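Have a look at the structure below before the remarks.
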Amino acid sequence: MRFIGPHVSIKENIALSVERAYGLGATGFAIFTKNQRIWSAPELKEADARAFKENMARYGFNPSSVLPHAGYLINPATPDPELREKSLALFTDEAQRTAALGLSVINIHPGAYKEGDPDDGLKRASSMIDEVLRRVPSIRIAIENTAGAGTITGSTFEELDKLLTFASEKDRIGFTLDTAHLFGSGYDVRNEAGKILDSFVSRFGKDKLFGMHLNDSKVPLASHKDRHESIGLGLIGKDAFMTIIHHSATDNIPLILETPDESRWKDEVKMLLEL
């Protein structure tokens with residue numbers, strides 16, 4: 001089964017996100033579990049969580065087709081004690097919201113280590129992920145690869161491997177691969193998408209790929225920049241996404257569009273489902 005769809009808005013009520021995804025012809029989707037621009041938000045009401053789950057059933061979405069995205073304020077790799085405390089509290093809250101919605105995986109960026117040894121940043125990120133998993137036993141965490149700008153970590157399979165090695169809760173940790181981030185960090189998705197996925201499976205195993213973000217790129221290979229483009233309009237190109245869609249590693253996992261032009265989402269979903 002192909003679980004394909006965009007990251008949709010939770011504006012007005014989180015249950016409406018399901019309707020929005022359905023209206024775009026999606027078979028999967030992503031959401032934030034709260035306003036991702038603020039540190040604290042009102043508690044998720046039981047009635048809203050129930051309405052979300054009812055809509056999931058009504059519109060035929062499998063819970064495993066949805067990949068919530070943790071807020072960008074969270075920095076698991078940070079060396080700053082105050083920011084670390086706030087990040088842990090927010091990450092825990094969003095993981096709890098994920099569980100309350102009947103979902104089992106939340107996606108997180110590993111963050112920026114800011115200074116010092118990069119491995120120390122990876123260890124801090126793994127430690128925070130472990131703690132959230134201990135606090136919320138019903139969920140799993142997908143660590144998203146990055147483009148590697150500045151001190152942002154997690155841009156190579158070697159760094160992702162270290163994140164997993166440093167963690168204790170390995171069985172509940174996997175990865176989300178973002179195609180634009182791969183391209184930005186130096187993986188030639190345009191010409192070698194199949195080989196890249198083969199390499200991931202060889203290193204980690206197919207079961208460690210919890211989801212993908214399907215984004216074309218506005219910036220060149222190995223630019224270490226993160227600039228998404230609509231599918232087929234960027235420097236990766238449509239053919240690479242056909243290879244990805246048909247690779248066995250992407251069966252039955254969320255394949256999420258984070259492309260910039262919302263007016264193209266319906267057509268992009270249709271195109272990807274028909275590839």
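Backbone N, Cα and C atoms are what each Cβ position is placed from, and that goes for glycine too.
Taken from TrEMBL, the feature Zn(2+) 1 binding site applies to H69, H109, E144. Annotated Zn(2+) 2 binding site per TrEMBL: E144, D178, H213, E258, in sequence order. Taken from TrEMBL, the feature Zn(2+) 3 binding site covers H181, D226, H228. The domain 'Xylose isomerase-like TIM barrel' annotation in TrEMBL covers 19-274.
A sphere of 10 angstroms centred on the C-beta of H181 (Zn(2+) 3 binding site) encloses 28 other C-beta atoms. Remark: of the binding-site residues H213, H228, the most isolated position is H228 (fewest other Cβ atoms within 10 Å of its Cβ). Under 8 Å, Cβ to Cβ, and six or more positions away along its own chain, H109 (Zn(2+) 1 binding site) finds A70, Y72, I74, P76, E144, T146, I152, G154.
When the binding-site residues D178, D226, E258 are scored by other C-beta atoms within 10 Å, D178 scores highest. Reduced to three states, the DSSP call for H181 (Zn(2+) 3 binding site) is helix. Each residue contributes its Cα atom, and for E258 (Zn(2+) 2 binding site) and D226 (Zn(2+) 3 binding site) these two points are 12 Å apart.
E144 (Zn(2+) 1 binding site) is surrounded by 22 other CB atoms, counting those within 10 A of its CB over all protein chains shown. Here the candidates are the binding-site residues D178, H181, D226. The one whose C-alpha lies nearest to that of H69 (Zn(2+) 1 binding site) is D178. Here the Cα atom of D226 (Zn(2+) 3 binding site) is found 10 Å from that of D178 (Zn(2+) 2 binding site). Taking the Cα atom of each, H181 (Zn(2+) 3 binding site) and H213 (Zn(2+) 2 binding site) are about 9 angstrom apart. Cα spacing between H228 (Zn(2+) 3 binding site) and D178 (Zn(2+) 2 binding site): 10 Å, rounded to the nearest whole number.
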